[in-house]
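Down below is the structure, laid out as C-alpha cells.
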Amino acid sequence: MRTTWTWEEDLLSDVFAALCLTDILRQCTNEGYFQQTLSSSILRRDPYEVEFIQSVQEVLHSLEPVLAKVPQYVHVLERLVEPERVVIFKVPWVDDKGEAHVNRGFRVQFNQALGPYKGGLRFHPTVNLSVVKFLAFEQTLKNSLSSLSLGGGKGGSDFNPKGKSENEIMRFCYSFMDELYRHIGPNQVPIFDTPSGDIGVGPREIGYLFGQYRRLTSQYEGMLGPKGIQWGLSNLHPEATGYGVVYFAKEVLANLEKDLKDLRCVVSGAGKVALYAVEKLIAFGAVPITISDTRGYLLDEDGFDRTKLGLIREIKAHNNSLGEYTKLYPRAKYFDDMKPWTVKCDIAFPCATQNELNHADAMSLINLGCQVIIEGANMPCTAEAIDVFRKSKVWFGPGKAANAGGVTIQGLEMAQNTSYVQWTAEEVDMRLQEVMRDIHQKIIKAAQDYGIGNPEALLHGANIASFLRVAQAMLEQGCV
C-alpha cells in the first residue's frame with residue numbers, strides 16, 4: 001500500500017473534501033456561501049488546473065467584504081473567472097539533425113473589458129493550460145491595477161529554448177507564429193491582442209516571431225514586444241519589471257517610515273526581473289546578497305555591487321553555473337540544489353517563477369527576522385506560504401501589484417509607437433515611478449475602504465482594487 005502522496009494529490013484531496021462540505025457551507029454568510037459555490041464550480045470544472053485554482057482562490061478570499069457590500073459583483077465574478085477565449089494548437093518543427101518534434105502552443109485571451117488583450121508569451125517546459133490560465137487571470141488584474149486601458153491574456157509553449165541552436169529556435173518561432181497570427185494583432189477583427197515576451201521569450205524570440213508575423217500578414221505593426229530599439233522598443237523596456245518591483249518596495253517601506261538603504265535583501269532568480277531588481281537595489285544603497293537559478297543559489301555576504309553584477313550577467317549569458325562567481329570572489333558561497341530562503345535578511349524578493357517559495361521557506365524567512373516580502377515573479381509564493389506571512393503579521397506585496405512595471409512600459413510603448421515618437425530613458429523612468437506609486441496608493445485606499453488593516457492591506461487591497469475596475473467595466477457592458 002502506498003503511504004506517501006505528492007503535493008498535487010494532497011491539494012486534490014482537499015478539493016474534493018471541500019466539495020463534500022457544500023451543504024454545511026450553505027449555513028455560512030451569504031457572501032461566504034457565494035464564494036464557496038463559485039470556488040466549488042471552478043473545482044468541478046477544472047479539477048486538475050492547480051495553478052489556476054490557486055490564483056482564483058487567493059482573489060476570492062480577498063473579495064469577501066466586496067461581495068457582502070455589492071452582491072451583484074458575485075455574478076460578475078462568475079463571468080470573470082472564465083476566460084473569453086482559449087486557443088490550443090500544435091507546433092511542429094525540425095531540429096538541426098532533421099528530426100521532427102511537436103510542442104503544444106497556447107494563447108488564453110482572458111478578459112477584454114478594459115481594453116485589448118495584453119500579456120506575454122512564455123517558452124518553458126512547465127507551460128500547460130493551467131499555468132497559462134493562471135498567468136492570464138493574474139495579467140488581467142495586474143493590467144487593471146496599472147490604470148492602462150488593457151485587458152489580460154497570456155500564452156506560450158512547452159518548448160525549451162535552452163540548449164537549442166539559433167536555427168532551431170528560429171524554426172520553432174516561425175512554426176508557432178504560423179498558427180498564432182490568426183488570433184492576434186491590433187487590426188484582427190474581432191480580436192485585439194498584442195502579446196509580449198516572458199520567460200524564455202526575449203528580444204531574439206520576439207524578433208523571429210515578429211518577422212514571421214510580418215511575412216504572413218504583410219503588415220508592420222507594433223503588436224509584439226520587446227522588439228529591437230531601432231524598430232519600436234521603448235527605453236527601459238528590459239529593466240521595467242525589475243525596477244518596478246524595487247520602486248514598489250520603496251513605497252511600502254516609506255509607509256513604514258523606513259528606507260532601502262543598508263537593508264539586506266535576498267533575491268531569487270537570475271533572469272531579467274531578478275537582475276534588474278538587484279541593479280536598482282544597489283542604486284538605492286540596499287545590500288542584495290543572493291541570486292539563484294534552477295541549479296542552486298549564490299550568497300555573497302558582502303553584497304553585490306555593479307562590478308559583481310556585471311560578472312553575474314556574463315556568467316548567465318554563457319549559461320554557466322553561478323558557482324563560477326566564487327572563483328573571483330572566494331568569500332562568496334554557492335549552494336547546489338538549494339533555495340536562498342534560509343539566509344538572514346530584512347526583505348525578500350522572490351523573482352524566479354510560480355510557487356518557488358513554500359510553507360517551510362516562509363517559516364524560515366520569518367524565523368530569521370524577515371519583515372517584508374515583495375513578489376517579483378507571478379505568484380511565486382504558495383497559498384500556504386502566504387498564510388504564514390499573514391499570521392506572522394509581515395508585509396507581503398503581491399506580484400500583481402509589484403510586478404506591474406513591465407506591462408506599464410508595454411502600454412507606454414504602444415502609445416509611443418502609435419505616435420511615432422520615443423521618450424528618453426529618464427522620461428520613461430519617471431513615468432514608471434509614478435505608476436508604481438499610484439498602484440501602492442490605490443491598493444492602500446481600497447483596503448481602507450473595506451476596513452482591512454495593515455499589513456494585510458497590500459494583498460487584499462491589490463485584489464480588491466484590481467477586481468473593482470474590471471468588474472465595473474463588465475457591469476457597464478452588460479452580460480459579457
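Every residue gets a Cβ built from N, Cα and C, even glycine.
As the structure is a computational prediction, the values presented were derived from the model and not from experiment.
Positions annotated as substrate binding site by TrEMBL: K118, Q139, K142, G197. The feature active site, proton donor is assigned by TrEMBL to K154. According to TrEMBL, the site 'Important for catalysis' annotation covers D198. Per TrEMBL, the feature NAD(+) binding site maps to T241.
Among the recorded positions K154, D198, T241, the ones whose Cα is located within 10 Å of the Cα of K118 (substrate binding site) are K154.
Listed in sequence order, the recorded positions near Q139 (substrate binding site) (C-alpha within 10 Å of its C-alpha) are K154, out of K154, D198, T241.
A separation of roughly 15 Å, to the nearest angstrom, links the Cα atoms of D198 (site 'Important for catalysis') and K142 (substrate binding site). Take the Cα of K154 (active site, proton donor) and measure to each of the binding-site residues K142, G197, T241: the nearest one is G197. Spatially close to K142 (substrate binding site) yet at least six residues away along the chain are G152, G399, K400, A401, N403, A404, V407, S466, judged by Cβ distances under 8 angstroms.
Cα separation, G197 (substrate binding site) to the residue listed as 'NAD(+) binding site', rounded: 12 Å.
Around the Cβ of T241 (NAD(+) binding site), the same chain contributes K272, V273, Y276, G376, N403, G405, G406, each under 8 angstroms and 6 or more positions distant in sequence.
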